[in-house]
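Engineer: In case it helps, TrEMBL gives these features for our protein:
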- 68-72, 136-142, Y147, D165, A264, G322, H371, D438: (6S)-NADPHX binding site (BINDING)
- N69, D132, S168: K(+) binding site (BINDING)
- K408, G409, S410, T411, T412, G437: AMP binding site (BINDING)
- 10-222: domain 'YjeF N-terminal' (DOMAIN)
- 229-499: domain 'YjeF C-terminal' (DOMAIN)
Amino acid sequence: MRYAHEVDKVRTAERALMARLPDGTLMSRAAAGLASVCARILRGGRPHAEPGLGVYGARVVLLVGGGDNGGDALYAGAGLARRGAGVTAVLAGTKSHEGGLADLRAAGGRVLPVAEEERVATAIDRADLIIDGMLGIGGRGGLREPYAGLARRAADSPAIVVACDLPSGVDASSGQVAGAAVRADVTVTFGTYKPGLLVDPGAEHAGVVELVDIGLGPYLPDPDVCAPLAEDVAVRLPRPTSESNKYRRGVVGVLAGSETFTGAAVLAVGGAVRGGAGMVRFASSEHPVELVRQRWPESVTTVIGDSLDGIGRVQAWVAGPGLGTDERAEALLAQVLATDLPVLVDADGLTVLARRRDLLWRDAPTVLTPHAGELARLLGTDAGEIEARRLEHVRRAAEELTATVLLKGSTTLIAEADRPVRVNPTGTPWLATAGSGDVLSGLTGALLAGGVPAIDAAATGAYLHGLAARLSADPYGDGAAPISAYDVLDALPEAFRTLAG
Ligand SMILES: NC(=O)C1=CN([C@@H]2O[C@H](COP(=O)(O)OP(=O)(O)OC[C@H]3O[C@@H](n4cnc5c(N)ncnc54)[C@H](OP(=O)(O)O)[C@@H]3O)[C@@H](O)[C@H]2O)[C@@H](O)CC1
Ligand SMILES: Nc1ncnc2c1ncn2[C@@H]1O[C@H](COP(=O)(O)OP(=O)(O)O)[C@@H](O)[C@H]1O
Ligand SMILES: [K+]
């Protein structure tokens, strides 16, 4: 698991640790870690194969802000200068860290005030590696000048950009980017991950994130956000044993589809079948039932009117994809939510819930899987607000709706009240294709029916779904192609194997 802490918690832990250490120890640990990652990059090691020219003679530019983030960059620059790099510090703050500046000068580094525009521009354009030390966890809001201009120039340079602690302009606690921000190839972060490095839009500005241990661990409280690694997810996968039978593996009920929308039902049932359900019971009107029977003959289907009576026993429900939003849909959804079973509500089901939030007053686990537009309807705000501050909104939704909320999008987030928000690390933008969300609902429903707790089912479902999409869009890791929701379904067995293997 990768754990992330918000700024106030990082600062409290840093204070507690600093009180036990000689002055400057933490900064020198941070700077040494940063310098060693930069040296590795210059030598051509992972994660970058280029430029591989070594540290000696490499042209390194430091973008230095007025705070301690600039101090880290200056000390790291001094370390690289001592190994033979040609280091130029561009001083962009109203002041600069004195100790760091003295160390860089003593190591033979060059210093340029930001006002020397032409020389600064030339240095950035010719750099092999740029360290962004403008703002760290002290940054607030979008970058102001001259930082914003330097960030733009760095983006146009062919140099590898390494962010110190976090890309300047990214809000450390939320991942919000309010205006100009640095786009890094690699971010070297200190002590713990920051939520803004894991959650978009911040995450996509951070590139590959490397954590440098500065000894903060024992002083950090529970994390605010965490991102599971493959092994964390693998242990949660339900696996059949010799004791298993189809009922014990979990029977999932799927209430989806309507005369108008049939495809969503076929895809949701497919997700449940491929998600490892022992049996899928599908309830809908005539046309979708006919199509599901043709495509998934292994499912048990029932044509229903406005009652679910006689469907048979299930251990969890998936309700909503293609269901419609009329009174019949509302009545059926109400019946599902009146059970004491885990229920996942998606798509049209969420639109119905936006006007019937009372249906969520229940004791059994409820998982909601909205995209930003659906969550906006549920919370009475607009999708742009949600996209800009995903973390805040997914937390708010989990609390207000008393449910496990999986917010889909460029980084899928999963929240439950009083627990760290989980960030899904898999996925690809190619997944943004109609119907792929229906696959996720069926898949997650199968995990719920298999007895996986709601937050783990949602996190595991999102992980497998994103992995299947990657395997299908870019199976050889050498170039991606567009995929359909069906391709995601077809890649699910491979995703399970990859994870379990
Ligand atoms: N503490 C420790 O033990 C350790 C800390 N470490 C390092 O310290 C870093 C935190 O350092 P920090 O607290 O000095 O804040 P930092 O991010 O450098 O700059 C804040 C300054 O920027 C300014 N500013 C803010 N927003 C702005 C904007 N949008 N656009 C332009 N300017 C803006 C703001 O100025 P103001 O607006 O207040 O005038 C403020 O003065 C941390 O990330 C890590 O790298 C490591 O060494 C490990 C040990
Ligand atoms: N920019 C993106 N990057 C990665 N994944 C994305 C992006 N946008 C959407 N997705 C994913 O694509 C899927 C789309 O689901 P959804 O919006 O419900 O579509 P549908 O309702 O048509 O099935 C979700 O799993 C979502 O997380
Ligand atoms: K930075």
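A Cβ is built for glycine as well, from the same backbone N, Cα and C atoms used for every other residue.
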Engineer: Measuring Cβ to any atom of ligand 3 with a strict under-6 Å cutoff, which of the binding-site residues N69, I137, S168 qualify?
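Structural biologist: Among N69, I137, S168, near ligand 3: N69, S168.
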Engineer: What is the biggest Cα to Cα gap, in Å, among K408, G409, S410, T411, T412, G437, the residues listed as binding AMP?
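Structural biologist: Result: 14 Å between the two most distant Cα atoms.
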Engineer: For D132 (K(+) binding site), just give me the three-state DSSP call.
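Structural biologist: Strand, per DSSP.
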Engineer: When you average the Cβ positions of K408, G409, S410, T411, T412, G437 for the AMP site, which other residues in that chain have a Cβ within 8 Å of that mean position?
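Structural biologist: For the AMP site, the extra neighbours are H371, L407, L413, N424, G427.
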Engineer: When neighbour density is defined as the number of other C-beta atoms within 10 angstroms of a residue's C-beta, which of the binding-site residues R140, K408 has the lowest density?
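Structural biologist: Taking R140, K408 as the binding-site residues, the minimal 10 Å Cβ count falls on R140.
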Engineer: Compare the C-alpha of D68 ((6S)-NADPHX binding site) with the C-alpha of each of the binding-site residues S168, K408, S410, T411, T412, and give the closest one.
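Structural biologist: That would be S168, nearest by Cα distance.
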Engineer: By CA distance, which of the binding-site residues (S168, G409, G437) lies nearest to I137 ((6S)-NADPHX binding site)?
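Structural biologist: Spatially nearest to I137 ((6S)-NADPHX binding site) by Cα position is S168.
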Engineer: Going by a 10 angstroms cut-off between Cβ atoms, which of the binding-site residues G71, G322, G409, G437 has the sparsest surroundings?
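Structural biologist: Fewest other Cβ atoms within 10 Å, among the binding-site residues G71, G322, G409, G437, is found for G409.
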Engineer: Would you list, in sequence order, the residues of this chain other than N69, D132, S168 that have their CB within 8 A of the centroid of the site's CB atoms, where the site is the one recorded for K(+)?
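Structural biologist: The answer, listed by sequence position, is L63, G65, G70, A73, G133, M134, L135, G136, G139, Y147, A163, C164, D165, L166, P167, V182.
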Engineer: Give me the non-local Cβ neighbours of S410 (AMP binding site): same chain, 6+ apart in sequence, Cβ-Cβ under 8 Å, ordered along the sequence.
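Structural biologist: Once residues fewer than 6 apart are set aside, S410 (AMP binding site) is near D200, P201, E204, G427, P429.
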Engineer: Here's one to test understanding: among the binding-site residues D132, S168, G409, T411, G437, whose C-alpha is closest in space to the C-alpha of R140 ((6S)-NADPHX binding site)?
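Structural biologist: Looking at Cα distances from R140 ((6S)-NADPHX binding site), the smallest one goes to S168.
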Engineer: Cα distance, D132 (K(+) binding site) to Y147 ((6S)-NADPHX binding site), nearest Å?
Structural biologist: 10
Engineer: Using CB under 6 Å from any atom of ligand 1, narrow the binding-site residues D132, S168, G322, T411, G437 to the ones that qualify.
Structural biologist: none
